[in-house]
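Novice: Heads up, here are the entries from Swiss-Prot:
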type: BINDING; residues: 21, 25; note: Zn(2+) binding site
type: ACT_SITE; residues: 22; note: active site
type: TRANSMEM; residues: 97-119; note: transmembrane segment
type: DOMAIN; residues: 198-286; note: domain 'PDZ'
type: TRANSMEM; residues: 366-388; note: transmembrane segment
type: TRANSMEM; residues: 418-440; note: transmembrane segment
């Protein structure tokens, strides 16, 4: 995946979602009779502009990392008496709150529309069937059996591994997780309880489900090497593409092999090449990301059709599913943010623009429907983040308006300005920390 592809995919995501967000503010302002001076996508030098009959200038600027809607406002300019009724600051608290909240609401509506489209067209996925259970894991202690399908997590129905993984991640810090299971192909329900009191995991190194010992049905892996990286530990040991790897007399599984590598210690493997057998010692090394690796890729076969499914519904059900998915993602986002503040999830998991760019590039390469799903996810995150009660964000403005409604008058300009400075400092610190984490992951 090229840098340019990821960058272009990222710019499209940000530009579309910013346009959606700002259009929410713009539409609400027009509905409330507020004069809008400018609707801008991006910052900096103006690349294109057009002014409509109502005097609003629509602008595309050079730096596509944000946007804004500039409204007539007596706090920032001298308003002619004949236009005072069209100034933002002269509108009622309820009208101003509507204009401010309309941005995040537009992001949520976009997510609903995106998921409605996805579920109408149909999106291929893999049924959440457990292929194997890692030994000595939390799932093993709960006596969960392979070849069972996860039907619900703490009562929330699930139909794919992506949703399960996100749900499990939000359970960090909980003492227990309740799973509803069914033997694959059966309607008989089983209920298992995962003891997660001491459960912790690093999302950079493993998924929530794998850290619990749940191994999903994956592409079938044959331990015939399809690739050996140049100058990798495997290359130094003499391994070549086409070699078949064994552990003693038993054919090693990819999961077992990964466990050996992650221990970071030298281990012996038996190698078959052109009908001849030999033994080599593989010594894992740390890569740039601080992970143990040996530099090989196995041969992969497609997942059996019996485990494949397509999430596709009629128009009304697709709309319902779109609403449910958006609500679910919103709640999951809030819970994850909460766990970042409580320490249940480390702040190093906070991602910034580089992480978004990577996700945009990967999803766009997989297919348009997955790219749309990624945009919906980021749109939900954008909506939630903008509702944070920081003065520089929409949520902070809503807090000021709530205070005005209670007091009968706005907070003093001094308090508001001080709050803006503090909010801006906090936001810049979070953005800087997220960007720092992004660079560490490169």
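Cβ coordinates are placed from backbone N, Cα and C, and glycine is handled just like the others.
Looking at the shown structure, what environment does each listed feature sit in?
Specialist: Around residue 25 (Zn(2+) binding site), taking its Cβ as the centre, 26 other Cβ atoms fall within 10 Å, counting all chains.
Around residue 22 (active site), the C-beta neighbours below 8 angstroms that are at least 6 residues distant in the chain are 39, 40, 41, 67, 68, 69, 103.
Long-range contacts of the transmembrane segment (97-119) within its own chain (CB-CB distance under 8 A, at least 6 residues past either end) are made by residues 17, 20-25, 27-29, 31-32, 34, 71, 88, 91, 311-313, 317-319, 321-323, 325-326, 329-330, 369, 372-373, 375-377, 379-380, 382-384, 386-387, 394, 397-398, 401.
DSSP states for the domain 'PDZ' (198-286), grouped as helix (H, G, I), strand (E, B) and coil, give 17 helix, 34 strand, 38 coil.
Tertiary neighbourhood of the transmembrane segment (366-388): same-chain residues 9, 13, 16-17, 20-21, 103-105, 107-108, 110-111, 114-115, 117-118, 121, 123, 325-326, 329-330, 333-334, 337, 356, 359-360, 394-396, 398, selected by CB-CB distance under 8 Å and a gap of 6+ residues from either end.
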Novice: On the 0 to 100 scale, where does the mean pLDDT of the domain 'PDZ' (198-286) fall?
Specialist: 84
Novice: Near residue 21 (Zn(2+) binding site), how many other Cβ atoms are within 10 Å of its Cβ?
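Specialist: Result for residue 21 (Zn(2+) binding site): 25 neighbouring Cβ atoms inside 10 Å.
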